[in-house]
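Right, one structure below, let's go through it.
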Amino acid sequence: MKEWRRNILGRELVVQYGKVAKQSSGSALVRFGDTVVLATANISDKAVEGIDFVPLTVEFQERFYAAGKIPGGFIKREGKPSESAILSARLIDRPIRPLFPKKLRNEVQVIVTVLSVDPNVPPDVVGIFAASLALNVSKIPFEGIVAGIRVGYRDGQFIALPSEEDIEKGLMDITVAGTKDAVTMVEGEAKEVAEEDMVKALRFAHSVIKELVDFQEEILSEFNVEKIPVVEPTPPEGLVEAFKDLLNKEELERRILVKVKKEREVALKEYEEQLLNQIAEKLSVTDLEGIKPFVSELYEDAVKKTMRRLIVEKGIRADGRKPTEIRPISCEVGLFPRTHGSALFTRGETQSLGIVTLGAPMDVQIIDTLLEEGVKRFMLHYNFPPFCTGEVKPLRGPSRREIGHGHLAERALKNMLPPEEEFPYTIRVVSEILESNGSSSMATVCSGSLALMDAGVPIKKHVAGIAMGLILEEDAEIILTDIIGMEDHYGDMDFKVAGTRDGITAFQMDCKVSGVSDELLMKALMQAREARMYILDRMYETISAPRPHLSKYAPIIKVTKVDPEKVADVIGPGGRVIKKIIKDFDVKVEIDDETGLVKVVGSSEENVDKAIELIREIAKEIEVGEVLEGKVTRIEPYGLFIEVRPGKIGLLHQSKVGEDMRQFLKKVKVGDTIKVQVINIDDLGRLQFKRVTEGENTQHGKTHSKRN
């Protein structure tokens, strides 16, 4: 067993190797502060046939024992990965994926298991460090060292590993990963920060990343691991030369420049089939399937190089646009009669339908994860059905990609929402991607913002998003605005920026190259800002402010406040009072017994108002001398019990009836209404009444109460 220690950011970072998981090809047990994770890396013996990508899987296992908790719910065992675990797995996957050899076809599995969790040291950040180490000490081909860090920005200072208070009161929450040379991955949110501050944050993060990578280099200097060779199939003799001879570059250009996505795909596929047949004929090959993978690979490379060359040399993109040009945009709102808010945002061949549903406070999402407990009142769900790209696939639950895209769009919008005190609704936004050709997550931000305004949610400002790309050649650096799927696939960088007219609210970046300079990143962010302003103008032209009224189909929520000491009166013995209010007025009621905040939800405004009025009446302090009307609930020989408010019952003693009790009882029965005056409230809060007769002059405030 080997162990290494280093103090980083005022915490001890401890790495152990050879103590646990020794049968794994690579493993690392890493402790940073009180967060402990185990990362393991393994590879299959045989390559997977018929694929053209690296078959990498990253799993992030949350174990509730790491936080000293037992899983909630009926089954007390962790099941399928939670949404937070999936997001953490994606966060680890993205910086390591580009570092595998492109021709690797053996299955690789990285598993990060959280064994102990420190709220101030995110396990996914430690997971990036541990996964990098596990891969580097294994026999798996892996070409680099990566690390990650979480960064906050508060009171003009950048903070590595910010506390929850720093995040809440600060302006930024981003996770950054990279190599010793550059930042390669960013994911996070901000409260309308400037582009300059975002670049400074990445520079600050990279200074910490370099220290973490340096520690890994120190550890890895003690290892001399023999990596598995990546076996590349050899193409048949003469195939590469035949492909070069038969490829017509002008014809390939013409097909790449077909403007419509589906037509372009068909044109390129047809030309690939044509080349395959020509090569087979030239080489006298009868087994087309045998040479098809080699031809496809050569063709893919030719398409990539040609698309990039057209952009660099001629400034022309596949759909005919210039590098900074945005596709045509259209926005519509109020599409459906019964939904609470709706919007259709179309940018070129990417289309998102945003639907807003307003729910009651009790419709919140309950959160119970390793690091979080509580509720979530704003949710954004992103759906990417197969028809949006004209494909046929089985419909199952949300994919990791759908969860990740929805999370990014949610972070972009959430800081523009009104506080719960001003708008007590639970808000759900659903984005249905109806058509996709790049940047659907940013289209979701736009459709979500439009739909929120259409629903009458008082968001502070519109939020728009744009996806940017980069073509990096030895003699050129071309930044692309509003990339399509083809440019995302063949480009060197994909970064998404969402924000208002005043700053960035969400940012995501993935780099396929070794990294980009601060100057280039700043240039790209400013180009993205111009695009964002253009899109925001189109959105404000469609709907410039939240609608003044909610949909008539949205639930009505009204809020009142009562003295916390009176909450018990509103609830009543065994919940009798509140249950009666709920039943009588067909409403839902939520009461915070600490603050006395009462929320009443219903479909009828009249009923909600009546319920609120009654709750206020119940919570109102009853004073000695007050004249009230109440119903007789019980008759005893010594007097009558009268309910003057729900749950508030007092005694009208026979001596206070004002006439002979026997005669009076002949005239009264249970359920009758009697006017009484409060003459005493004892130390236990019990009420005593006297009967008020017709024409009697009662002087409010006279008392014999011990309280007064």
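Any Cβ shown, glycine's included, is placed from N, Cα and C.
On a predicted model such as this, the values are computed, not experimentally measured, just so you know.
Summarising the annotation, Swiss-Prot assigns Mg(2+) binding site to Asp488, Asp494. According to Swiss-Prot, the domain 'KH' annotation covers 555-615. The domain 'S1 motif' annotation in Swiss-Prot covers 625-692.
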Binding-site residues: Asp488, Asp494 - member with fewest neighbouring CB atoms within 10 Å: Asp488
Assigned element (helix, strand, coil) containing Asp488 (Mg(2+) binding site), judged by DSSP: helix
Secondary structure composition of the domain 'S1 motif' (625-692) [DSSP: H/G/I, E/B, coil]: 10 helix, 37 strand, 21 coil
Secondary structure content, the domain 'KH' (555-615) (per DSSP, counts of residues): 32 helix, 17 strand, 12 coil
